[in-house]
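Swiss-Prot annotations:
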- 1-163: region 'Disordered' (REGION)
- 1-152: region 'Required for interaction with DHX9 and PRMT5' (REGION)
- 77-95: compositional bias 'Basic residues' (COMPBIAS)
- 98-123: compositional bias 'Gly residues' (COMPBIAS)
- 148-216: domain 'MBD' (DOMAIN)
- SER184: phosphoserine (MOD_RES)
- 217-244: region 'Disordered' (REGION)
- 232-244: compositional bias 'Polar residues' (COMPBIAS)
- SER410: phosphoserine (MOD_RES)
Amino acid sequence: MRAHPGGGRCCPEQEEGESAAGGSGAGGDSAIEQGGQGSALAPSPVSGVRREGARGGGRGRGRWKQAARGGGVCGRGRGRGRGRGRGRGRGRGRGRPQSGGSGLGGDGGGGAGGCGGGSGGGVAPRRDPVPFPSGSSGPGPRGPRATESGKRMDCPALPPGWKKEEVIRKSGLSAGKSDVYYFSPSGKKFRSKPQLARYLGNAVDLSSFDFRTGKMMPSKLQKNKQRLRNDPLNQNKGKPDLNTTLPIRQTASIFKQPVTKFTNHPSNKVKSDPQRMNEQPRQLFWEKRLQGLSASDVTEQIIKTMELPKGLQGVGPGSNDETLLSAVASALHTSSAPITGQVSAAVEKNPAVWLNTSQPLCKAFIVTDEDIRKQEERVQQVRKKLEEALMADILSRAADTEEVDIDMDSGDEA
């Protein structure tokens, strides 16, 4: 407790923003220029002397920039009285103005951060808080951000009943930006895509869903698939490690020291075929499983198999024209390499050793210009037959249409 001139005292519990009710207070901390002022009237008994305080003034000094001043009149005579009280009010943070204090002598008010003592009690006028100057510590915790609510709209990408709302921020550093929210049919609010995915579960696939626009973006799904396809960790999974670069010695050194490599065959090199590594493993000569199967048309009539040229002859055990046809057809569709057949002449002696697995089971053949000319003639004949069939179909349809028109005209005349 600190004494002040004029008979007032400053209470230690008031130094943090309380005001004694017996006087007027004006003051504030380093962030407040000036608080409120007030006067009070109340009887102030003095022990042993039956007198009332005539006039008292208090000046309070605390941990604030400006001290409080106060004065009160309470009757006749001379004497000193004390007025103690606590200021009550609402505010945020330390050092904000408070008002509406009450004390022993009555009601009083003052600025938060000031304290004063004097005689009497009364009601002090309330003053509006002064804005904080530049360089101050601020008014305390920040309040809610001002926003402008948008209109809730239906979201066609989500199940029926889901609403989308876009709220625009009106204050702060991010003024002008917008936040997107989604509302379920029951009224539950969702602020992010993970929350939406956890709530919907497997009911809706949100992999290509754009949270801001509320639409399904197929390009987003393609990017995710492409990223997974180009992921080096995904590519190296299940593949042999053929990296021949030397590792770095794991020693405590600031310089990278490679490991010395010793080999008995310095000229050896590891050959790699990236195309072969990307191919899926398959059974050798799997075309033999198609043996004995035949295709049929819509009328369940077996389609006659095509005849191979005389230059194509099968090779190997158990080879026939049907197996050779399926082998050549699969090689044409699944491989981009040229088809040459089994070129090695030793394949007839020992097929298990000299057989080329990347070529169909047929002898080596040579395509001549005569073969190409015959094939072109066959193609022209087939195209001519197709043209004749299409023209006949068009004429038959036109005739049917004319008959229908004649029947309708005769019905109208009747």
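Cβ coordinates are placed from backbone N, Cα and C, and glycine is handled just like the others.
In this structure the C-alpha atoms belonging to SER184 (phosphoserine) and SER410 (phosphoserine) are separated by 63 Å. Here the domain 'MBD' (148-216) has, by DSSP, the following mix of helix, strand and coil residues: 8 helix, 22 strand, 39 coil. The most crowded of the modified residues listed here (SER184, SER410) is SER184, judged by how many other CB atoms sit within 10 Å of its own CB.
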